[in-house]
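Listed in Swiss-Prot:
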type    : residues               : note
BINDING : H566, H570, C668, H672 : Zn(2+) binding site
Amino acid sequence: MDTAEIRRRFLNHFSERGHTVVPSASLVAQDPTLLLVNAGMVPFKPYFLGDLKAPWNRATSVQKCVRTVDIDNVGRTARHASFFQMCGNFSFGDYFKAEAIPFAFELIVDGYGFNPDDLWATVYLDDDEAEAIWRTLLPAERIQRRGKKDNFWSMGVPGPCGPCSEIYFDRGPAYGREGGPEADEDRYLEIWNLVFMQFARGEGSEYGYEIVGDLPARNIDTGMGLERMATILQGVENLYEIDISRPVLDAAGRLTGTRYGADPDSDVRLRVVADHTRTAAMLISDGVSPSNEGRGYVLRRMLRRAVRDARLLGAREPVMDELFGVVRAAMGPIYPELVDQAEAITAVAVAEETAFLETLRTGTTLFDTAVTQARSSGSSQLSGESAFRLHDTYGFPIDLTMDMAADAGLTVDEAGFRRLMERQRQAAKADRASRRIGNLDLSAFRPILAASGPTTFTGYTELGRESGIVGIVGIGDGDSLTAAGEGEEVGILLDATPFYAESGGQEADLGRIRFDGGEAEVLDVQRPVPDLVMHRVKVLGGELRVGADVFAEVDVERRRAVSRSHTATHLVHTAFRRALGESATQAGSLNSPGRLRFDFHALGAVPDSVLADVEDEVNEIALRDLEVRWYVTSQEEARRLGAMALFGEKYGDRVRVVDVGDYARELCGGTHVASSAQLGAIKLLSESSISAGTRRVEALVGMDAFRFLAREHVLVSQLSSTLKARPDELADRVADIVGRLRDAEKELERLRAQAVLAGSAALAAGAEDVGGVALVTAQVPAGTPADDVRLLALDVRGRLAGRPAVVAVVEAAGAAVVVATDETARTRGLRAGDLVRHSWAALGGKGGGKPDVAQGGRGDADMIPKVFARLRELVADQSA
């Protein structure tokens, strides 16, 4: 039975039993505590927590999931994978154990054809009800009771929890010993977990918490791994060999010249390549881009591990382009976004692969040096400093360094690496924390939402309105408050608001909230939970109270400026897609007053000619005074109309479409101008790379663009006057001047070197004999560049060829010293680095270097005689 059929039967089974089929949510979790969706219930979490009322009593889904906690086991076991699909059925206060258990059993036996004699069930230690239900389906000897660790589910924090029941398939004596799941979980494979959410848990350790009460409603959350079920039904040894995974595995073998099944170690690497490639494709299709933080780092790690293992298996050419094509063919029928965005998805992967291959080429040399140093010092550990340098200079993720070190038989000082990383992050982290709402305790918002309902947003049609305060929370701790006085910063929630909360790349509205006896300044607007808008305010006077009537007033000029930027972003997006192709999709944006930042997918730098064409096109569209209108329609109708959906975004059944005439049509929830003429001018400022496969354009809009162009005009006029050239001649005139200046600098450098070396012969001739070593000590005028000091020292050393020689040249103010030794002197133990350290550095300066030449600085003029005397002593002692 192929995977598509297993999936179809699952959804049909529950649809026929009154469940609404819910499409898979994006892998990008909406839950702020998660980077990625890692379980089938995650999209339903607000309903289980009571934050929102579920729109259905029963639901079923096949949810995309990524889990990296066991990444080191990927490829090594039959059941670990970083990407998987979780089939689930859910009840929100409707049915419970008496229905959930038979629902699952019927599908397994009647739908998938399992022999009931091969099935086992486990229940929680005290769950008599679940065991009684199972006894109507299975003999008592194939039902086992297990403790909290195995059969009691919680989210790890105070909240919903409950016992669970797991269904196991007995693979037979060839896979292990008898005795059921508690005896051998390799033989008895878990295929379905049924969670009965009925209690609330309190604080405590992973398994040491207390049950503090019953939930208002009893819920069902179940999960059946699609890939694991396919492994059994297709009769293969592991989930890498099922119908949607095997083609990727085979392609990896072909591209690396490795036959799967020939060598256990090679098989592990092939499975890693296949698994990580599939995971990466799914992440990119949901809008994740490679980066060094968060979910972007997860993606980068996956791609780089896949590329490295492919290289170790023998790949000599890039492999991602072809592997992604195989993933697309295998998974595209279920996930059409893989096909719709094929070019853009592959471009991201290929760009990251190209960048990483260069990283491997340059960084491996440093890594090999670090390994040699560790071994020569008798250590079995790579230093944290080396790991940090590999990360900071060459972009080596720490896990890659650890993998490579393990291959070399070494460990890594991970704690030392983390300390250096933390030190580097502190300043940026503190700055970010001070600029955002903070990590609020979201529990304060649940009673507000339950009592008052969702915040009504009216800002599409009005910029001021009367409203009522339904809640006040403390900033930082999220504590629920009843009032806030002058000077306090708090979060307030209104029953309706014209303020746009930051989202979709558009900055939040600012403004004022006025009330009887005072007013508050709105500093930020966010959505801490779905359906609630929180206004971060500073009370300027009076006292805000829950229940008070207020007038919410948006800063009109700022809103208009932000709206201009947002509409301009739509034009820029369309223009780049027209110029570069459909793969130039948006990867991110920021719309602020008078300025926009637009990130898009592209393999390389955009030519200046294309940037000029894009700028011309968007300004021409602005001048055409096209109507900008918005409307709400079904997602299906929006796609039929050709509306552009942003790469990686997920939309509901009803979507808001924004049209700019017949030029641009995009799904968007932001605010916009009424016509393109209101944009004024659009001026592209820069184009740059922000990561492999992603480019960034920054632009000014409206009066900000006009002011910039006016300043540019004044500057051009001044340059034309100064250089006595017409504006169209300025580039050639400046290039000519720069060329002549460069020639003059080269000549000056030649003359300066000639002057510095003028006394070289005399210095060599006057060398002092110290124990058979020619010692030269010399000063050069204050202000002589360090490079010239070095040049003189090396030239004098060259003139003393054939004699053991030590040459020390010092800039008269003590800013630079260079010591050079010849090979014969070094055989006597006179190494330049040691001489600098024991003379210059020992007397207060800074310095060191290699055995043949070393350099120092940060000294003063008074040190120089002492340094020369110390050098004589060192040479004499070593020559004795």
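A Cβ is built for glycine as well, from the same backbone N, Cα and C atoms used for every other residue.
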Query = Same-chain residues six or more away whose CB lies under 8 A from the CB of H566 (Zn(2+) binding site)?
reply = G505, Q506, N591, L596, C668, G670, T671, H672
Key: Shell of the Zn(2+) site beyond H566, H570, C668, H672, same chain only (C-beta within 8 angstroms of their C-beta centre)   = S563, T567, T569, N591, V628, V658, V660, E666, G670, T671
Request  = Could you tally the C-beta atoms, other than its own, that fall within 10 angstroms of the C-beta of C668 (Zn(2+) binding site)?
outcome  = 25
Request  = Could you find out if DSSP has H570 (Zn(2+) binding site) as helix, strand or coil?
outcome  = helix
Surrounding CB atoms that lie within 10 Å of the CB of H672 (Zn(2+) binding site), all protein chains = 26
Ask   = How many other Cβ atoms sit within 10 Å of the Cβ of H570 (Zn(2+) binding site)?
value = 28
